[in-house]
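Annotated features, as they stand in Swiss-Prot:
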REGION    6-29  region 'Disordered'
COMPBIAS  16-29  compositional bias 'Basic and acidic residues'
BINDING   61, 66, 72, 300  [4Fe-4S] cluster 1 binding site
DOMAIN    73-289  domain 'Radical SAM core'
BINDING   87, 91, 94  [4Fe-4S] cluster 2 binding site
């Protein structure tokens, strides 16, 4: 049997994606010239990695194999992934380890706050694995982490990228009550691709989640993103834009899907930079306050700079 070994853990024999091991290889086309990243070798990268490891934390930058890790960590920007490194879902696009997670670490909020202080982060992004095994999906842990960072770093703005809290009544309200500055929940793809790409989620549940955030606290910026290159059609991407605007989402990100391993969903095509520029123009015309659309766009990439632009755009629209 083919086993996908863990390339993040120090244990090289632990299967990272056991549910994908028996799948046939899915071959993607060769990457075009515009998909290029620099190897992470700088001093800043090493310092960031040291602080992350010193505090026993996980980052989505490493676990998901983000192509922008070298650039972000060189600037001491890291996205902390809370509630462990093991996800209860098995999405076809994602490189995060899957399986049954362990118990939550009650000290993790304090560790995140301390790492935020050491890195000197002015804008922090916190994400998590899905924790369908928990009664509240991890909502209380999210809220505790936000509060810990607020106490340790009162001037740091906080952006969260959450799971969908599917069938977790009251969970969203707990997270929103902690008052993050930005609430991000990614749709990931168009509705027609959910069964093959994101089978554990429900598209319109995610739309409703984002809409509910605005109902609970209109001052919180909302954000969502999708990947392209998974077999979607252009008109479907435009429909996603309309659905997000109907939920009053402020910020849209669109990036190129890149295949983590041959056992993951294949890249169906590489969307050109001109097509991304067209999506960005259209999204602004539909009313988003902020749009980032490019081959290398990821949810947390340039998040701090984008937050400043987001605030400025809201202020300008209010005048």
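Using N, Cα and C of the backbone, Cβ positions are placed for all residues, glycine too.
Feature map: Swiss-Prot annotations on the structure.
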residue : record                          : DSSP (3 states)
66      : [4Fe-4S] cluster 1 binding site : coil
72      : [4Fe-4S] cluster 1 binding site : helix
87      : [4Fe-4S] cluster 2 binding site : strand
94      : [4Fe-4S] cluster 2 binding site : coil
300     : [4Fe-4S] cluster 1 binding site : coil
Response to the item:
Its residues classified by DSSP, the compositional bias 'Basic and acidic residues' (16-29) shows 3 helix, 0 strand, 11 coil
Worksheet entry | Alpha-carbon spacing, residue 300 ([4Fe-4S] cluster 1 binding site) to residue 91 ([4Fe-4S] cluster 2 binding site), which is rounded to whole Å | 19
Discussion item. Could you check which of the binding-site residues 87, 91, 94 is the closest Cα neighbour of residue 72 ([4Fe-4S] cluster 1 binding site)?
Written reply: 94
Item to complete: Ten-angstrom check, please: count other Cβ atoms within 10 Å of the Cβ of residue 94 ([4Fe-4S] cluster 2 binding site), all chains counted.
Response: 23
Worksheet, complete the sentence: Out of 66, 72, 91, the listed binding-site residues, fewest other Cβ atoms within 10 Å surround the Cβ of 91
Fill in: Lowest local Cβ density (other Cβ within 10 Å) among binding-site residues: 87, 300
87
Item to complete: In whole Å, note down how far the CA of residue 94 ([4Fe-4S] cluster 2 binding site) lies from the CA of residue 66 ([4Fe-4S] cluster 1 binding site).
Response: 10
Worksheet item: Other than 87, 91, 94, which residues of the chain come within 8 Å of the [4Fe-4S] cluster 2 site, judged by Cβ distance to the Cβ centroid of those residues?
Response: 89, 90, 93, 95, 96, 98, 129, 130
